[in-house]
Amino acid sequence: MPTTIEREFEELDTQRRWQPLYLEIRNESHDYPHRVAKFPENRNRNRYRDVSPYDHSRVKLQNAENDYINASLVDIEEAQRSYILTQGPLPNTCCHFWLMVWQQKTKAVVMLNRIVEKESVKCAQYWPTDDQEMLFKETGFSVKLLSEDVKSYYTVHLLQLENINSGETRTISHFHYTTWPDFGVPESPASFLNFLFKVRESGSLNPDHGPAVIHCSAGIGRSGTFSLVDTCLVLMEKGDDINIKQVLLNMRKYRMGLIQTPDQLRFSYMAIIEGAKCIKGDSSIQKRWKELSKEDLSPAFDHSPNKIMTEKYNGNRIGLEEEKLTGDRCTGLSSKMQDTMEENSESALRKRIREDRKATTAQKVQQMKQRLNENERKRKRWLYWQPILTKMGFMSVILVGAFVGWTLFFQQNAL
């Protein structure tokens with residue numbers, strides 16, 4: 001028998017009401033002050049000008065000259081869940097990121113984006129990818145890679161975070177979802193839930209640890225989807241009746257703009273409905289998720305579906321998948337789930353390889369531009385100093401000559 005959420009999902013699908021529901025949530029969301037993010041000294045710590053933490057829920061760095069970081073503490077008391085939702089670190093904020101992880105006693109970092117997506121840099125490389133440790137002298141931390149477990153669509157790193165001043169070390173789990181497209185949704189609820197339950201099984205989300213740090217690029221779309229699904233499943237485990245819209249509105253009191261598109265909202269419903277099967281005691285469901293996710297295949301890279309760009313919000317586009325909405329969407333939730341999980345493997349792999357090549361090329365181009373800019377700066381500095389140094393050299397020759405002549409003159413007079 002369909003649950004209340006399943007009936008609500010079917011109704012929203014049948015009436016094509018995802019966009020209106022999403023707009024309702026946006027319009028009913030409260031806006032709170034975020035003045036600190038706009039201080040002149042903090043502007044270069046924000047990845048996007050219009051995604052800022054609220055003053056009342058922002059994470060404050062302790063014992064720092066400037067306590068600002070673009071991160072929000074989302075505290076859902078009834079679920080006994082706390083998350084730190086943050087942007088993808090910038091090159092100048094990686095040190096603050098690790099300081100926050102240390103001070104908040106975080107056990108895991110959940111990363112839901114790639115470094116480069118659609119030829120745009122979405123996040124700095126803030127963790128080591130080889131045996132060489134990374135030093136963050138500004139805040140006094142080093143990070144070392146202990147192990148790496150690479151799956152087809154996610155990777156788990158085990159990192160050692162060391163406080164250089166005290167010598168104390170902590171082990172941090174880094175869960176990296178590598179195929180979730182920006183403004184999009186994962187390939188299937190099965191793959192997403194398989195990943196979510198891997199994070200859960202590590203104990204990193206439990207209340208006896210500091211809050212898990214969850215980020216994508218802006219820290220609101222994919223991060224909001226992850227947090228919403230996990231929170232709703234926890235509430236269902238406790239036997240509570242849940243209203244997904246109300247839960248999301250409550251979470252939006254802590255960080256602006258959580259869930260960026262109607263597609264992400266629809267996917268959240270699908271993942272919650274599918275995840276509820278495990279909560280209700282279906283012991284085989286997690287095994288089925290793992291099989292459907294094909295996590296043991298060779299890693300592949302994400303491909304984003306074609307989008308219809310409809311409007312802008314928080315500096316980001318709201319896109320709906322280009323699909324012909326027909327009566328087939330009303331054929332039942334199970335078939336929708338199954339259809340979402342299927343794809344053409346060969347075609348997908350080719351697209352993913354092309355996307356990876358583009359990303360690699362974009363990264364190389366950016367590095368080349370940085371080198372050219374540095375060379376240009378050096379050239380301009382040299383052009384500025386060259387005439388000054390030439391004049392100084394000329395004056396030095398005159399002074400030395402005058403000194404020598406003066407010395408010889410006095411020597412002759414002395415004789």
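Here the Cβ of each residue, glycine as well, is placed from N, Cα and C on the backbone.
Under the heading domain 'Tyrosine-protein phosphatase', Swiss-Prot lists 5-275.
The annotation phosphotyrosine is assigned in Swiss-Prot to Tyr22 (among others) on the grounds of similarity to another entry. When Cβ atoms from all protein chains are considered, those within 10 Å of Tyr22 (phosphotyrosine) total 22, not counting its own.
Summarising the annotation, Swiss-Prot assigns phosphoserine to Ser52 (among others). In sequence order, His34, Ala37, Lys38, Asn46, Asn70, Met256 are the residues of the chain that are 6 or more apart from Ser52 (phosphoserine) and have a CB within less than 8 Å of its CB.
Tyr68 (phosphotyrosine) falls within a strand when secondary structure is assigned with DSSP. Tyr68 (phosphotyrosine) has a Cβ environment of 20 other Cβ atoms inside 10 Å. Among the features that Swiss-Prot reports, phosphotyrosine is placed at Tyr68 (among others), with the record citing similarity to another entry.
A simple way to gauge crowding: the CB of Gln260 (substrate binding site) has 26 other CB atoms within 10 angstroms, across all the protein chains here. Classification of Gln260 (substrate binding site) by DSSP places it in coil, neither helical nor stranded. If you look up Swiss-Prot, you'll see Asp182, Cys216, Ser217, Ala218, Gly219, Ile220, Gly221, Arg222, Gln260 marked as substrate binding site.
Around Cys216 (active site, phosphocysteine intermediate), the same-chain residues at least 6 positions away in sequence with a Cβ under 8 Å from its Cβ are Gly88, Met111, Leu112, Asn113, Lys122, Trp180, Asp182, Arg222, Ser223. Taken from Swiss-Prot, the feature active site, phosphocysteine intermediate applies to Cys216, supported by sequence analysis.
Annotation note: Cys216 (active site, phosphocysteine intermediate) sits in a coil segment as assigned by DSSP. The S-nitrosocysteine annotation in Swiss-Prot covers Cys216.
The phosphoserine annotation in Swiss-Prot covers Ser293 (among others), and the record cites a large-scale study or a structure entry as its basis.
Per Swiss-Prot, the feature phosphoserine maps to Ser298 (among others); the stated evidence is a large-scale study or a structure entry.
Swiss-Prot lists Ser304 (among others) with the feature phosphoserine.
Among the features that Swiss-Prot reports, region 'Endoplasmic reticulum location' is placed at 346-415.
What Swiss-Prot records for 376-415 is region 'Mediates interaction with STX17', and it gives experimental evidence as the kind of evidence. Mapped onto DSSP helix, strand and coil, the region 'Mediates interaction with STX17' (376-415) counts 39 helix, 0 strand, 1 coil.
Residues of the same chain that lie 6+ residues outside the region 'Mediates interaction with STX17' (376-415) never bring a C-beta to less than 8 angstroms of a C-beta in it.
Binding-site extent for substrate: residues Asp182, Cys216, Ser217, Ala218, Gly219, Ile220, Gly221, Arg222, Gln260, maximum pairwise Cα distance 12 Å (rounded to the nearest whole number).
Here the candidates are the binding-site residues Ser217, Gly219, Gly221, Gln260, and by Cα distance the one nearest Tyr68 (phosphotyrosine) turns out to be Gly219.
When the Cα atoms are compared, Tyr22 (phosphotyrosine) and Gly219 (substrate binding site) turn out to be 18 Å apart.
Within the same chain, the residues at least 6 positions away from Ser217 (substrate binding site) whose Cβ sits under 8 Å from its Cβ are Arg47, Gln87, Gly88, Asn113, Glu117, Lys122, Cys123, Asp182, listed in sequence order. Taking the Cβ of Gly221 (substrate binding site) as centre and 10 Å as the limit, one finds 28 other Cβ atoms among all the protein chains shown.
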